[in-house]
Amino acid sequence: MTPTKRMKMKMRKRKTRRPNFDCTCRLAKEVCQLKAVVNAQSKTLSKLVRQMKDGCNKDEQPKESTLCGLNPCLKCLQPDILYHLGLDTETTDFPKVFGDVRFVCMGGTPGRMENFAYYLMQEIGLKINAATKLRDMAEAGKRFALFKVGPVLCASHGMGCPSISILLHELIKMMHHAKCQDPVFIRIGTCGGIGVDPGTVVISSEAVDGRLNPAHEILVHGVSVQHASQLDEGLADDIKSCHDPSKDNYETIIGRTMCTHDFYEGQSRLDGAFCEYTPEMKKTYLEELQNQGVKNIEMESLALAALTSRANIRAAVVCVAILNRLNGDQIKTPHEILAKWEKRPQVLVARYIRKVLYFHENDSDWEEPDEDECEGEAPEKGATPQGGAGDTQNAPPEEAE
């Protein structure tokens, strides 16, 4: 055999290996997804069989929202207009459209949450026609994006407490009008770490302000009002338990989160347009935060924690640290690495949702396909997703860390 023929044969083998690998990997994921769907159907069927045996209670009262402490004036609003979401109770049947919602996931940008919605749809075993795409249910409001994937709402919240508080007021009212039962709210995003390695996922145990006060302050009639910024400790533990040290090549921790009202001076950065403190003062302040158990800094957790706790909603904040603030202020990590890091909270939260929806105690033999082996590019708009969720529709090739 000539050297030229040998080279051609090697090239043919290389071309055929990767598709076979992709096919096997895709098949493994689809088997896992199918098993999850079958488990869910089995659970529902068992529940229906029990109800048949016990007999249907004809006098059972219709379900009401489990939320509490809400505005007493809501019952007088006919209709109630959720202005920034472009929805209202007159033109939308909230119990029919949103009554099955069990999880509300929020992130900063519309693109990120749209991609997360496609990724989540794949992870919980839902399918849509390849020629269709998820609809932005808040498109009429022109401020936030809202995608519904089965029992999960995926919403963009913008930046900062003022922005997310507007969204939360209207989402909480939506849950109330839809008569949702015990919804769980989770913010997914990025943050600056305090003494933690970049790429670490931080789950907030408590949200505090710049004075380390665990409360969200607002002015009502010109008077300062503070609401406790409580997060659910059990929920944080449950999400952390979905981290798999044997497969995930990063750390997941629980710690205090400091929430600020801006990105620069409030976070003691040296690279803003204005800076009236010295590098030494910054170093002292950040080290004091570290000594007080603060693991990260972001800009939305106070409002999320305060508003959800007022309504009796369990909530969590899951963010990935994109830099260690003790080592600098500017984000110099390449975009392709940041995109990979940003997927980590999404993967963790998707595992938690799938576990709540589908997990049975006898499913201990159910193994997930390896994330690194089966991860693909983000789906194009209108296509059924084949890989993970990210910030861009066509993510660049990812390099090993």
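Backbone N, Cα and C define each Cβ position, glycine as well.
Heads up, TrEMBL stuff is auto-annotated, nobody curated it.
As recorded in TrEMBL:
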type    : residues                               : note
BINDING : Arg143, Arg187, Ile188, Gly189, Thr190 : phosphate binding site
BINDING : Gln267, Arg269                         : substrate binding site
DOMAIN  : 103-354                                : domain 'Nucleoside phosphorylase'
REGION  : 364-401                                : region 'Disordered'
Legend entry - Cα-to-Cα gap, Gln267 (substrate binding site) vs Ile188 (phosphate binding site), nearest whole Å: 20
Legend entry - Spatial neighbours of Thr190 (phosphate binding site) that are distant in sequence (at least 6 apart) but have CB under 8 A: Gly108, Glu298, Cys319, Val320, Ala321, Ile322, Trp341, Glu342
Inset, instruction - Could you measure the widest C-alpha to C-alpha distance across Arg143, Arg187, Ile188, Gly189, Thr190, the residues recorded as binding phosphate, and give it to a whole number of angstrom? - result: 21
Inset, instruction - Run through the Cβ atoms and count how many others sit within 10 Å of the one on Ile188 (phosphate binding site). - result: 26
Inset, instruction - Averaged across the domain 'Nucleoside phosphorylase' (103-354), what pLDDT does the model get? Just tell me the whole number, please. - result: 96
Inset, instruction - State the count of C-beta atoms found within 10 angstroms of the C-beta of Arg143 (phosphate binding site), not counting that atom itself. - result: 16
